[in-house]
Every structure is written in structure tokens, then in C-alpha cells.
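Novice: I have a structure here, written as C-alpha cells, and I will follow up with some questions on it.
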């Protein structure tokens, strides 16, 4: 018996059918993908009550990033984020730099929690001009009336002491010296971090664990000035 030969027309028909199925599967996958992406967009939009809030989302991420870079706790970071949203609700962003308000919110949270950070330090880390952040910070204080603690030299003693690996006794003596100076009112107008470094240097100088004044100078972050 002769082998049965396949009909070429039937073979071409099968090829066209396979191509059609492949195209249909591709279209179906694209449709499912568009539906999934569109659903995600709708869910994301649903988180914000207005377009203005949605536009602030990237700045809120910047607040979180800056607070994390400053090694603050989750509680402080959440406070900074909440303050930034309060700025929006109080309509403090209109006509002002959103970036500066975001950085000022972080710095304001530092002040309210008694954390030793300088405005210039926070501004430099955020890459926003210090003058702009200062203006935004003044606005927050005037409009919201937050209980920001005054910056004092004694607050800045622990950081350089830790950086220089000073003994606890030296750190305590330097802090006591700074507090005594504050009580006498002689710290008015001085650079707080620089004054703290000076107290640390004075108390460590007479100790066997004393450090080089240039190192203390750098740890104080006084940038070549003892006074502001």
C-alpha cells in the first residue's frame, strides 16, 4: 500500500490556525496586563483625597528619607510626616517652597523632641539652601505654634564625645560645664555645637584621654567659627 500523503491545503490551514491562536493569546495577555495596571493606578489614586495630596507624595518620601538618613526612630519619622501633612491641611504650602517646608518639618520635629541637630546640617543633607529652610521653619513656628525646645550647647556634648570615644566622666564634666554656662546666660549668641566642643576640649585637656583640639574642632562642626 502506498503511504497516504498529507494534503498541503490542510497543512496550511493548520499553520494559519496556530498563528491565529498565538495572536489571540498575545492580545489577551496585553488586555490582562492593561487591566492590572489600570487597577493599580485606580487603587493608588484612591489613597489620596485630592490631586494636591497625590502631588505631595514624592515630598513625603523625601521626609522619610531625610529622617532615616539622620538615624531617627520610626516615631520621630512618623511625627515629621504627620507635621508635613498638617502643613498641607493648614494651607501653608501655597506660594512657598515645598522642598523647604519638607526639610523644615523634619528640623521642627528634631527641635520638638530635643534632638541635637543644626539647621545647616539638616539643610545640607537635604541639599536645600539653609536660608529657604530657615524661612519655612519660621513660618511653621508662627502659624502652628509648635513647642520647639531652644537649642543649647549641653544638647550637643554627647555627639562629639561619642565620635572621639571620650570617657563617660569627661562627657559628664563637659556637659555640666555647658549647663553652668547656660545658667549664667553666657551662651547667648554662641554656636551651640562649637561651644559644646570647647567644653569637651577643656575637660579632656587635663585628662590622660585628652584629644587633639583639631579633632574636637571638627567634631563640633563649628566650621571655623565659635560664635554665630
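Cβ from N, Cα, C; glycine included.
Model, not experiment: these values are computed from the prediction.
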Novice: Checking feature assignment: region 'Disordered' per TrEMBL, candidates 1-30, 31-60. Which range matches?
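Specialist: In TrEMBL, residues 1-30 carry the label region 'Disordered'.
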Novice: How many of the residues that make up the domain 'Transcription factor TFIIB cyclin-like' (149-211) does DSSP mark as helix, as strand and as coil?
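Specialist: Residue counts in helix, strand and coil order: 41 helix, 1 strand, 21 coil.
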Novice: For the domain 'Transcription factor TFIIB cyclin-like' (62-142), what's the mean pLDDT in this predicted model?
Specialist: 84
Novice: I'd like the per-state residue tally for the domain 'Transcription factor TFIIB cyclin-like' (62-142) from DSSP, helix first, then strand, then coil.
Specialist: 60 helix, 0 strand, 21 coil
